[in-house]
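K.L.:
My questions will all concern the structure given below.
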Amino acid sequence: MASATSTSRPAKPAAVKRTITTASYESSPSTADASPNESPRHSPSTTSLSSMASDAAEEKVDYGKLVDTYGNEFQVPDFTIKDIRDAIPKHCFERSYVRSMSYVFRDMILLATTFYLWHNYVTPEVIPSKALRIVLWAVYGFAQGLFGTGLWVLAHECGHGAFSDSQRFNNIVGWVLHSSLLVPYFSWQMSHGKHHKATGNIERDMVFVPRTREQQATRIGRLAHELSELTEETPIYTFIHLLGQQLIGWPNYLLTNVTGHNYHERQREGRGQGKHNGYGGGVNHFDPRSPLYEAKDAWLIFMSDIGLGIAISGLVYLGNRFGWSNLAVWYFLPYLWVNHWLVAITFLQHTDPSLPHYTAEQWNFVRGAAATIDREFGFIGRHLLHGIIETHVLHHYVSSIPFYNADEATEAIKPIMGRHYRADTSEGPIGFIKAMWKSARWCQWIEPSEGASEAGQGVLFFRNRNGLGPKPLKTS
């Protein structure tokens with residue numbers, strides 16, 4: 001078995017061989033629970049007898065030679081969702097009102113205590129040095145951003161039904177927490193649920209859907225066959241792209257559905273006709289007419305908007321009462337950090353040189369859920385961010401398991417997933433930050449492997465123009 005942590009990258013990019021994991025044994029409403037039924041055909045993703053009987057047929061499919069972006073040979077997952085659920089101890093599914101709420105109170109106490117200390121003691125009277133006060137208020141923004149992200153994660157638990165046994169209680173807590181962080185709770189809950197039901201499907205996924213080869217070529221004003229011939233992308237361009245993604249990626253997603261799929265004309269009520277991602281395209285998380293939702297969901301979108309309206313009204317009052325410059329430091333500086341962590345975490349959960357994506361014909365729930373990766377962020381990740389970074393693979397299989405049981409459940413599914421479980425835990429928090437740069441350089445678009453068969457053409461891997469990993473396909 002390979003190590004559960006990634007190895008160092010060789011000096012020769014074209015010959016890269018890197019093992020991200022495979023199962024080494026060291027180491028919501030629940031959208032994932034319903035997701036197997038969303039599979040477009042019988043496959044190992046379902047739990048019916050007919051689909052389980054089809055496993056043998058699936059194993060005989062010739063995919064040709066599939067190669068990930070590190071140059072490692074890839075095999076399509078061959079287990080079932082029933083195998084995953086049966087391996088998890090029953091008590092891992094148990095949810096506690098008291099325990100879940102204790103984390104909410106803890107995070108709120110951390111936020112309040114930090115504000116009290118800085119507001120009363122990081123002042124000109126106590127600390128005469130303006131430079132030192134600026135540094136300390138910067139530390140305040142970073143710390144409050146972590147505590148705020150922790151509350152965001154708990155609201156995320158509410159959205160999946162993992163917070164308690166009562167979905168009404170979950171929704172009340174989630175709506176309050178997310179609204180206070182300027183997140184439209186129900187609107188996001190529904191689009192995020194669709195992400196869980198179609199992870200890795202390039203036509204239905206809702207988060208960080210990579211560009212195809214043709215889309216990448218169009219974006220940079222080239223023809224698809226020219227991508228294998230272009231010179232290296234400059235590091236400064238990569239840096240500017242990452243900076244924009246981290247600063248405005250989250251609000252841009254809510255406003256324009258950027259990184260989500262753009263097949264809205266398929267919306268079954270016809271609400272997506274003529275609509276597209278981007279500003280002015282009519283696809284967002286605030287309009288009840290958005291093709292992300294159905295007509296029956298309109299009242300939930302209104303409730304989300306009402307929550308935002310209450311939160312914004314409160315911020316306007318505080319800004320007028322205590323000064324907008326104070327509010328910028330007290331609230332909006334930490335808010336930017338929350339946005340940064342949300343985008344970074346989601347990006348790195350679904351973007352890595354080892355991960356595949358699938359066309360609609362080759363996708364199923366099990367394959368999509370396996371196209372995710374666990375990472376490591378040390379004390380911050382496991383305690384302040386409630387393990388959302390470290391147990392994401394398990395979360396995509398059974399999202400109703402509360403975060404405090406996710407480590408045990410993750411260990412339980414590793415033997416079932418075997419080589420298909422992926423984790424990049426090397427260097428801890430430093431490795432997590434490095435992975436942002438690595439993924440931006442390595443993962444630019446997706447295309448089939450050069451040696452893929454007809455069926456294998458539906459299994460797509462990241463490629464880039466930077467000379468890293470296998471070269472892009474040469475096409476006429």
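The backbone N, Cα and C atoms fix where each Cβ goes, and this holds for glycine too.
In TrEMBL, annotation is done automatically, which means it is predicted and not curated.
Grabbed the feature section from TrEMBL, which reads as follows:
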REGION    1-53  region 'Disordered'
COMPBIAS  19-38  compositional bias 'Polar residues'
COMPBIAS  42-53  compositional bias 'Low complexity'
DOMAIN    71-110  domain 'Fatty acid desaturase N-terminal'
TRANSMEM  103-122  transmembrane segment
TRANSMEM  134-155  transmembrane segment
DOMAIN    137-423  domain 'Fatty acid desaturase'
TRANSMEM  298-317  transmembrane segment
TRANSMEM  329-348  transmembrane segment
K.L.:
As a test: from 134-155, 298-317, 329-348, pick the stretch that has the greatest number of Cβ pairs under 8 Å with the transmembrane segment (103-122).
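P.N.:
Answer is 134-155, with the largest number of Cβ pairs below 8 Å.
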K.L.:
Can you tell me which parts of the same chain pack against the transmembrane segment (134-155), counting only residues 6+ beyond its ends and a CB-CB cutoff under 8 A?
P.N.:
100, 103-104, 107-108, 110-111, 114-115, 118, 122, 127, 163, 173-174, 177-178, 180-181, 183, 185, 329, 333-338, 340-342, 380, 384-386, 388, 403
K.L.:
I'm checking region-level scores; what's the whole-number mean pLDDT for the domain 'Fatty acid desaturase N-terminal' (71-110)?
P.N.:
97
K.L.:
With DSSP, how much of the domain 'Fatty acid desaturase N-terminal' (71-110) is helix, how much strand and how much coil, in residues?
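P.N.:
Breakdown, helix to coil: 25 helix, 2 strand, 13 coil.
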